[in-house]
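Asker: I have a structure I would like to understand better, so I am pasting it below and will then ask my questions one at a time.
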Amino acid sequence: HQIMETLPRLLIFPHTASAKHAELLDDYESTKGAWIQSQLSKQYKLTGEEECAKKCDEETSFQCRSFQFNSEDQQCETMAENHKTSTVTKKRDVILFEKKIYLSECKIGNGESYRGTMAKTRTGVTCQKWSADSPHMPKYSPKLYPSKGLEENYCRNPDQDPQGPWCYTTDPEKRYEYCDIPECEEECMHCSGENYQGKISTTKSGYTCQAWSSQMPHSHGYIPYKFPSKNLRKNYCRNPDGEPRPWCFTTSENKRWDFCDIPRCTTPPPQPGPTYQCLVGKGDSYRGKIAVTASGKTCQRWSEQTPHRHSRTPENFPCKGLEENYCRNPDGESAPWCYTTDSDVRMEHCNVPLCGAQVPTDQPVLPEETPVVEECFQGEGKNYRGVSSTTVSGRKCQPWWSMRPHYHSKTPLQYPDADLRMNYCRNPDGNDRPWCYTTDPQVRWEYCNLKRCQNSESPEDGSESSPPGNHKPNCSSCLMITSLTPSTYECGKPKVEPKKCGGRIVGGCVAHPHSWPWQISLRRRSFSSWLHFCGGTLIDPSWVLTAAHCLQRSQRPSSYQVYLGLHKEDGESYTQKIDVDRLFTGPMRADIALLKLSRPAQLSDKVIPACLPSEHFPLADKTVCYITGWGETQGTSGAGVLKEASLPIIENKVCNSRLYLRNRVQPWEICAGHFEGGTDSCQGDSGGPLVCFDKDRYIIQGVTSWGIGCALPNRPGVYVRVASYLSWIQNTMKSN
C-alpha cells in the first residue's frame with residue numbers, strides 16, 4: 001500500500017534516454033540502481049535497453065510489466081512484476097524499466113487503456129474476478145478478450161464504455177457498476193496542478209512559455225535536472241513552487257512569468273498519501289488541529305482575508321487540508337505555519353510535535369573546541385557519522401525516514417545502530433562505501449561524494465557521471481593558485497571541513513576555525529588601529545571581492561587594509577595584513593567591487609580562495625548556501641569570532657512576491673533566507689560571501705548587499721549575483 005502511495009510522484013517522469021531509444025522507452029519509467037527479484041521472468045543476452053524493451057513488448061508467455069537491464073554483463077530480464085507487486089532493492093549497474101500503463105492509477109479519455117489496481121466500485125462494492133463465473137456469468141473474460149487486461153478483479157473498460165472503467169460486482173443483486181478512476185493530469189489538473197503533465201505552453205494572457213532549460217530571456221532557478229520531481233519538460237506549464245496553479249516564465253522580456261489557464265479535472269483527485277496528527281518531514285501531511293503559532297499567536301482562518309490578505313485559500317489549494325485555522329504546510333515551507341490574527345505579524349511557524357518513530361532533525365551545536373578533521377571515511381564507511389548529503393553525481397540524498405520518491409526498508413527503526421539521521425550519507429548494509437537513496441525518482445541510490453581517509457585501505461569503486469547540464473566552477477584563479485603552490489591548494493576546497501550548521505549569524509553558530517578560508521576582514525583606519533567594518537572574499541591571491549557600498553566613505557586605497565586567515569575578529573599572530581593597492585567598483589553602479597592587494601596573499605591551510613562561478617550560472621531554487629561574517633549579533637553569543645549560517649536560495653519570482661520583497665529584487669541579484677527569519681547577515685557582514693557547494697568545492701555565488709531590517713520574518717537578504725559580473729571580474733583582473 002505504501003509503495004502505491006508514491007505513484008503520483010513517480011509517474012510524472014519521462015525517461016531521458018537518447019533520441020534513438022526514445023520511441024520504445026517513452027512508454028517506460030526508469031529507475032537507476034533498482035532491482036526486483038522476479039518469480040516469473042525470462043532472461044536474454046542483449047546489447048541495449050531498447051532491445052530489452054522490444055522483448056518485453058513481444059512477450060506472450062506472461063504479461064510483461066517491466067524489465068531490468070544490467071549494463072555490466074548486458075543481461076536483460078523481462079518480468080511479470082513491477083514495484084507495485086514486488087519488493088524493490090538496490091543493485092549497482094542495473095536499471096529497472098516499468099511500463100507506465102501498469103503504474104498509472106488514473107485514466108485517459110474513457111479509460112480503455114487503464115491498467116491500474118482499483119478493485120472497488122464507486123459505491124464501495126468489491127469487484128468480481130474477471131475469470132470467475134459467480135455470482136455473475138461474465139460476457140467479458142480473460143480467455144475471450146486476452147488483450148483487454150482483465151486481471152484479477154481490477155476495474156477495466158473492455159467495451160469502450162464512454163462512462164469509463166467498470167467491473168462485475170460481488171453483490172448478487174448488482175451485476176456491474178462503474179469505478180471512480182481519476183483523470184490523468186494531461187488535459188486537466190487536480191488540486192493545484194502540482195502533478196500536471198500536459199503540454200499547454202501558453203499563458204492565460206497569451207504569452208508563449210520560455211523553455212525551463214533556457215535562461216533567456218529570463219534567468220531563473222528552476223533548473224530541470226535540479227528538480228527531477230517537477231517534470232520541467234520543454235516549455236510546458238508547470239507548478240514547481242506551490243503556486244495556486246501551473247505557470248511558466250514567458251518569452252516576452254516585459255513579462256517575467258504568468259499563470260496558465262488549465263481546467264480542473266471533473267473526476268475526484270487521486271487518493272492522498274497517509275496523513276498524520278504529528279510532524280513527519282516538513283509537515284505537508286500534517287492534518288492535526290494545532291491552531292496556535294510557536295510564539296502563542298492565534299491562527300487566522302485560511303478562508304478569511306483579515307487581518308491578512310493572501311492566496312493560500314481552500315479554493316486555491318483544495319487538497320492541502322486548509323480547514324478552519326489549523327496549522328498547515330500548503331506550499332513546501334520548512335514546517336507547518338499559519339497567518340496570525342495579529343495584524344502586525346503576518347505569519348509564523350507552529351510547534352507541531354514530531355511523530356514518535358521519527359528521529360529529531362535538530363542537531364546540537366558543537367562546542368568550538370571540538371577537534372576538527374576533514375570529512376572522510378575509514379574502510380567501508382560503516383562508522384561514518386558526518387553530515388555529507390550529496391552523491392557523486394551531485395544529487396541530493398533522500399531522508400532515511402522518508403518513503404518518497406523511493407520506498408525502502410533502510411529506516412532508523414530497522415537500523416537503530418546505523419545513525420540514519422536526516423539525509424546524511426551512511427552505510428547501514430555493509431556496502432563498499434557510504435551511500436544514500438536520492439531525491440531523483442529515476443536514480444534509486446548512489447554512492448556519496450566522500451573520499452576515504454588517507455590511512456584507509458580502499459576497495460575498488462566506481463563513480464557516477466554528473467547530471468546533465470552540470471556546471472563546473474570557473475577556475476581562472478585555480479590555475480594561478482597552482483602555479484604559486486603546486487598541487488597544494490585548490491579554490492573552494494578548505495582544509496578544515498565546515499560545520500555547515502543550520503544556525504544563524506544573528507543568534508549564533510560559531511564556525512570551525514579556518515573552515516571558510518576565503519573570508520577576509522576589510523578594515524579602515526581609526527586613529528592608530530584598523531577596525532573591521534565589512535567582509536569580503538579572496539578569489540585570487542591578489543584579489544578580493546566585496547560590496548561597492550563598503551567603499552563609499554573613501555575612494556583612496558590607503559584608507560583600507562585586508563586581514564586574511566583570521567578566526568577571531570581581533571586577529572591572531574598568523575593573521576596576514578595586506579594593504580589595498582587599487583579599488584575597482586562594478587559597472588552600472590552595481591553593488592560589487594574588486595580590491596587589488598599590494599602583494600599576493602600567502603596561501604596556507606588558513607588562506608584559500610573561493611572559486612568563481614561559470615558565467616550566467618543558474619542557481620537553483622532552494623539550493624542551500626552559506627554566509628559567514630563577524631557582523632552584528634544583536635547581543636547573542638559568539639560575537640567577535642567568525643560565524644556561519646546556512647540559507648536556502650529563494651527564486652527571484654518568489655522573492656518578489658507580496659509575501660517577501662515586493663518586486664525590489666533585480667535579475668542581477670540573489671535572494672536567500674528563511675521564511676521565519678532569524679538567519680541573516682547583518683551590519684558588518686556587508687561585502688561578505690554567499691558560497692554554495694557544487695560537486696566538490698565551494699563557489700562564490702553572491703556578495704552580501706542589502707536587506708530590510710536584520711533576520712526579520714519574510715525579509716530575506718539580497719546578494720549581488722556574481723555570475724552576472726563574471727566578465728567584468730575577469731577583465732578587470734586581467735587588465736590590472
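Cβ from N, Cα, C; glycine included.
Take a look at what TrEMBL says about it:
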type: DOMAIN; residues: 22-101; note: domain 'Apple'
type: DOMAIN; residues: 105-184; note: domain 'Kringle'
type: DOMAIN; residues: 187-265; note: domain 'Kringle'
type: DISULFID; residues: C188-C265; note: disulfide bond
type: DISULFID; residues: C209-C248; note: disulfide bond
type: DISULFID; residues: C237-C260; note: disulfide bond
type: DOMAIN; residues: 277-355; note: domain 'Kringle'
type: DISULFID; residues: C278-C355; note: disulfide bond
type: DISULFID; residues: C299-C338; note: disulfide bond
type: DISULFID; residues: C327-C350; note: disulfide bond
type: DOMAIN; residues: 375-453; note: domain 'Kringle'
type: DISULFID; residues: C376-C453; note: disulfide bond
type: DISULFID; residues: C397-C436; note: disulfide bond
type: DISULFID; residues: C425-C448; note: disulfide bond
type: DOMAIN; residues: 505-734; note: domain 'Peptidase S1'
Asker: List the Cα distance (Å, whole number) between C278 (disulfide bond) and C327 (disulfide bond).
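Answerer: That comes out at 11 Å between the alpha carbons.
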Asker: At the Cα level, what's the spacing in Å between C448 (disulfide bond) and C350 (disulfide bond), rounded?
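Answerer: C448 (disulfide bond) and C350 (disulfide bond) have their Cα atoms 34 Å apart.
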Asker: To which of the disulfide-bonded residues C299, C327, C350, C376, C425 does the lowest count of other Cβ atoms within 10 Å belong?
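Answerer: With the disulfide-bonded residues C299, C327, C350, C376, C425, fewest surrounding Cβ atoms within 10 Å: C376.
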Asker: Can you check how the pLDDT averages out over the domain 'Kringle' (375-453)?
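Answerer: PLDDT averaged over the stretch: 90.
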Asker: Which has the fewest other Cβ atoms within 10 Å: C188, C248, the disulfide-bonded residues listed?
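Answerer: Comparing Cβ neighbour counts within 10 Å for the disulfide-bonded residues C188, C248 gives C188.
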Asker: Sequence gap of 6 or more, Cβ distance under 8 Å: name the residues on the same chain that satisfy this around C397 (disulfide bond), in order along the sequence.
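Answerer: Those within reach of C397 (disulfide bond), by Cβ under 8 Å and sequence separation of 6 or more, are S389, T390, T391, N423, Y424, C425, C436, Y437, T438, T439, C448.
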Asker: Considering only the disulfide-bonded residues C237, C299, C355, C453, which residue has the minimal Cα-Cα separation from C265 (disulfide bond)?
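Answerer: So, of the listed disulfide-bonded residues, the one sitting closest to C265 (disulfide bond) is C237.
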Asker: On a C-alpha basis, identify the one among C248, C376, C453 that is nearest to C350 (disulfide bond); the candidates are the disulfide-bonded residues.
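Answerer: The answer is C248.
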Asker: DSSP three-state call for C436 (disulfide bond): helix, strand or coil?
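Answerer: DSSP assigns C436 (disulfide bond) to strand.
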Asker: Here are some disulfide-bonded residues: C209, C436. Which one has the most Cβ atoms within 10 Å of its Cβ?
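Answerer: When each Cβ's neighbours within 10 Å are tallied, C436 leads.
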Asker: Please spell out the DSSP helix, strand and coil residue counts for the domain 'Kringle' (277-355).
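Answerer: Helix, strand, coil within the domain 'Kringle' (277-355): 0 helix, 14 strand, 65 coil.
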Asker: Give the number of CB atoms, excluding that of C453 (disulfide bond) itself, located within 10 Å of its CB.
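Answerer: Result for C453 (disulfide bond): 16 other Cβ atoms within 10 Å.
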Asker: Filter the disulfide-bonded residues C237, C327, C376, C453 down to those whose C-alpha lies within 10 angstroms of the C-alpha of C338 (disulfide bond); answer none if the list is empty.
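Answerer: Cα within 10 Å of C338 (disulfide bond): C327.
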Asker: On the DSSP side of things, how many residues of the domain 'Kringle' (375-453) fall into helix, strand and coil, could you say?
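Answerer: Output for the domain 'Kringle' (375-453) reads 0 helix, 16 strand, 63 coil.
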Asker: List, in sequence order, those disulfide-bonded residues among C299, C355, C376 whose Cα sits within 10 Å of the Cα of C327 (disulfide bond).
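Answerer: Near C327 (disulfide bond) by Cα: C299.
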Asker: Could you state the whole-number distance in Å separating the C-alpha atoms of C453 (disulfide bond) and C355 (disulfide bond)?
Answerer: 37
Asker: Please work out which residue of C265, C278, C338 has the most C-beta neighbours within 10 angstroms of its C-beta, and give that one of the disulfide-bonded residues.
Answerer: C338
